């Protein structure tokens, strides 16, 4: 039995979510191979080779894989995947985009967003916005899985010494092309990897007021998040959204400011270790999950908090 | 150009689900059902393409029990032209749904298939990608903008770090993200008119697809309850608790 992990990377370095997927694969058990498919991605492959627990790295370096377009990458993964018992990827937007396509090409189901490994074929995953946890047994010969990063520790980036093996297969479906991207700039920690997050909701009133949160974030080394209401109102860009349809986070400390706590938002943050809610409505549902709740006007409480840190 | 949209009947997103006491599944008896929110966005996008003169006909498809007709009628009231229900009372997994849809695509030959990015019940986020694989079409998943230009469609996608734009040869599959549009409400006259629009019913057997189980649901449990928290009276107390009790700052 061997497991193929699809690495997420930017051709230079591995994305942190790949390390969580390695840990999940270790819990499944078996030899672990990592596929690094990209263009000019030797550095990312070398990084994967030194990750603890990785036995072999497959390097597919080809222009067709540069932006990891699903149409091209899925053909490569399906071709390689036939020789594995498990094909695993992090449940990031890239993993979610490519893996179901791989599963269909292999004529097997996919188990999405697993949070627990019970055995080689049985996994737990949240359904209904995290309001129920389903334990699912895969009946297929090849298990195609995406892994929720926050549910597994990151594997150590050092200690491994896997061999890097080149894969020649070039698949260019020729039906899609990359046009461009707009990457949101941020000097703060990445939302999904931050140990502290401070998020704002509709109660923030406008985008400028997010500066209040940013000041606190700077003092705590925190990332800044938002609820869907804040994103929809145009206060902040949508890649800051925490929730069922945004990012799933589980930091040590989550501070929800001016967020009512709708089911869809809670789905994205209720596995945080400590939750703090600051809201002027004492009936807000966020208080039912908060470890520490402060009923107060955020425009007074947040600057005061900022001053006391 | 013909546009195919898919809609799923799911529990209303405002309902808090309850897990059955025997842990076999969630309890859906006497629960309000509705169209999956992402499917509403898919229908809206199709209607806008028709209003812009890009789409000539909108066909709406749903798979599931007889009652899913209600969601098809809703889509018809919003502007779709005709409906297809693939009726089955069995549990249809994503791969089976994709195989059934691939047959519908083969029959209908749409230029564009618009689907929601995920259903809020299973939270799988798979069917669109699987359909794309089975029909060998390109996919524009998590779309926040769709622009049809001749034989190609440009899709702006919401990805982890920001936005990415891809160009796809048509026919293509697009799955909708929340930011794509703001769905409209159906007006009463349109709801009345929708009752007279054609709705075909088929079965998986008609389409020649065997319903196969690829996964087995062993149990469903409520998530671990959080310990009840406390309300603090002041910012000072909050900072003190975080430093000395929770030790997180």
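Just so you know, glycine gets a Cβ as well, placed from its N, Cα and C.
Unlike curated records, TrEMBL annotations are generated automatically.
Look at residue A:241 (FAD binding site): DSSP puts it in a strand. Annotation source TrEMBL lists FAD binding site at A:202, A:227-228, A:241-245, A:258-265, A:279.
Residues annotated as domain 'Electron transfer flavoprotein alpha/beta-subunit N-terminal' in TrEMBL: A:3-182.
Local packing around the Cβ, expressed as the count of other Cβ atoms within 10 angstroms, is greatest for A:241 among the binding-site residues A:241, A:244. Just so you know, the Cβ of residue A:265 (FAD binding site) picks up 28 other Cβ atoms within 10 Å once every protein chain is counted.
For the recorded site, residue A:262 (FAD binding site), the DSSP three-state label reads coil. Here the binding-site residues are A:259, A:262, and the one with the most other Cβ atoms within 10 Å of its Cβ is A:259. Checking the binding-site residues A:202, A:259, A:265 against chain B with a Cβ-Cβ cut-off under 8 Å leaves nothing.
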